[in-house]
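J.: Sharing a structure, written as structure tokens. Questions coming.
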Amino acid sequence: MSIVVKNNIHWVGQRDWEVRDFHGTEYKTLRGSSYNSYLIREEKNVLIDTVDHKFSREFVQNLRNEIDLADIDYIVINHAEEDHAGALTELMAQIPDTPIYCTANAIDSINGHHHHPEWNFNVVKTGDTLDIGNGKQLIFVETPMLHWPDSMMTYLTGDAVLFSNDAFGQHYCDEHLFNDEVDQTELFEQCQRYYANILTPFSRLVTPKITEILGFNLPVDMIATSHGVVWRDNPTQIVELYLKWAADYQEDRITIVYDTMSNNTRMMADAIAQGIAETDPRVAVKIFNVARSDKNEILTNVFRSKGVLVGTSTMNNVMMPKIAGLVEEMTGLRFRNKRASAFGSHGWSGGAVDRLSTRLQDAGFEMSLSLKAKWRPDQDALELCREHGREIARQWALAPLPQSTVNTVVEEETSAATTADLGPRMQCSVCQWIYDPAKGEPMQDVAPGTPWSEVPDNFLCPECSLGKDVFDELASEAK
């Protein structure tokens with residue numbers, strides 16, 4: 001069944017309610033998807049894109065119900081991926097001489113998938129036009145790496161419709177086609193999920209390409225995407241969102257993600273979150289167990305966040321496999337303007353947190369101090385986790401902290417100073433254990449109230465057994 005998009009433009013695509021995996025299993029399409037193909041009937045008849053290859057026969061049969069296939073004058077392929085051009089082999093078997101208009105890179109991709117170099121390919125570049133009669137033209141705009149090298153958009157003059165390919169789309173299936181007909185909350189969530197998981201690596205290209213398209217000074221009454229809705233009500237709203245998301249986007253949000261073997265790292269995650277919320281009640285904190293959560297939801301939250309804390313147990317001296325996989329995904333997505341911190345629990349060896357810190361730094365995150373706990377964290381260890389969360393909240397604050405929080409901190413510091421000027425707390429640079437002069441270290445006969453300067457030179461860190469020379473003044477107390 002076709003749907004009128006505008007005037008002589010009809011949607012002839014395919015809804016896919018049951019699809020749950022995309023790009024292999026890398027993208028969970030929890031709300032299905034659609035493969036949008038468009039038939040333009042002017043003096044010349046034009047088909048823009050096809051559908052996913054698994055619907056090839058249905059697509060060609062449905063298209064026959066709309067038009068004699070021999071009457072299709074041109075085929076435009078904006079993108080050669082199988083969910084866009086998958087039905088070409090089935091269609092071209094019926095009309096083998098029909099001209100195909102696409103980019104030079106698309107020819108390589110189409111031949112790689114369909115193996116028909118004899119098809120009638122016509123290469124187009126940015127600014128090229130194709131007259132389709134009735135005073136209307138198609139204008140082509142190359143958009144390489146949004147998100148494949150072959151990608152392009154097509155603009156129809158007269159009707160002012162931009163066929164935008166993957167840009168501005170979403171994996172979202174609904175019986176309604178237009179953006180003003182569907183649930184707006186669901187639509188926004190799927191748009192952001194789509195951008196975060198698919199287009200984030202190419203954010204540096206989004207703004208200049210949108211600027212280039214706007215530079216044509218062409219009116220845009222509708223944006224017809226390759227997946228999801230057609231934007232007819234205020235279509236530029238999604239363009240404005242893309243410009244916002246492309247500009248090193250972040251919200252006042254922190255994501256905590258972890259995997260755990262014996263629940264110990266989960267306990268750390270909860271305590272860190274408590275410390276963050278206690279110090280900065282305005283910040284949104286979301287916690288995910290990577291083994292039990294939707295990976296794409298996690299990555300969308302990282303995209304939205306100003307920072308991410310990643311936790312892992314140590315297994316065979318390395319991080320948990322699902323955490324390693326998630327960090328590899330984050331490396332590929334090339335997030336920008338975000339901070340990170342690693343944490344985790346261990347038994348006899350704690351190598352995972354160090355490896356995790358290195359991997360996060362390699363992924364482009366600005367790193368903060370990491371945190372380790374040995375075995376199951378006791379109340380003292382959990383308090384260290386809360387303090388770590390408090391320090392993260394202070395370091396990552398986007399604005400001055402609420403006055404009530406500041407006053408509490410000042411009062412505590414004033415009270416401590418009144419009791420005795422014990423000097424700063426010191427942190428082991430290897431394992432992050434903290435020496436608090438107010439508590440001392442009774443196990444080594446260091447009495448409460450002992451400043452660091454008076455701690456014996458033979459003092460050893462209770463966690464890693466290294467000496468005083470590896471201790472530094474706690475960052476939050478450094479002047």
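Every residue, even glycine, has its Cβ placed from backbone N, Cα and C.
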J.: According to Swiss-Prot, His79, Glu81, Asp166 bind Fe cation 1; identify which of His53, His147 is listed for that same site.
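T.: Record check against Swiss-Prot: Fe cation 1 site with His79, Glu81, Asp166, extra candidate from His53, His147 is His147.
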J.: Out of Asp71, Asp73, Asp83, which is the one Swiss-Prot records at the Fe cation 2 site of Asp166, His227?
T.: Asp83
J.: Look up Cys461 (Fe cation 3 binding site) in the DSSP assignment and report helix, strand or coil.
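T.: Once the DSSP labels are grouped into three classes, Cys461 (Fe cation 3 binding site) ends up as coil.
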J.: Write out, in the order they occur in the sequence, the residues of the chain not among His79, Glu81, His147, Asp166 that have a C-beta within 8 Å of the mean position of the C-beta atoms of the recorded Fe cation 1 site.
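T.: Filtered neighbour residues, in order: Asn78, His84, Leu146, Trp148, Ser151, Asn165, Ser226.
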J.: Spatially, and counting Cα to Cα, which of the binding-site residues is closest to Cys461 (Fe cation 3 binding site)? Options: His79, His227, Thr260, Gly347.
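T.: Nearest listed residue in space: Gly347.
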J.: For Asp362 (FMN binding site) and Asp83 (Fe cation 2 binding site), determine the Cα separation and express it in whole Å.
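T.: The Cα atom of Asp362 (FMN binding site) is 33 Å away from the Cα atom of Asp83 (Fe cation 2 binding site).
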J.: Give the distance between the Cα atoms of His227 (Fe cation 2 binding site) and Ala352 (FMN binding site), rounded to the nearest whole Å.
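T.: If we compare the Cα positions of His227 (Fe cation 2 binding site) and Ala352 (FMN binding site), the gap is 40 Å.
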J.: Same-chain residues six or more away whose CB lies under 8 A from the CB of Asp166 (Fe cation 1 binding site)?
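T.: For Asp166 (Fe cation 1 binding site), the qualifying residues are His79, Leu146, His147, Ser151, Ile198, Leu199, Thr225, Ser226, His227.
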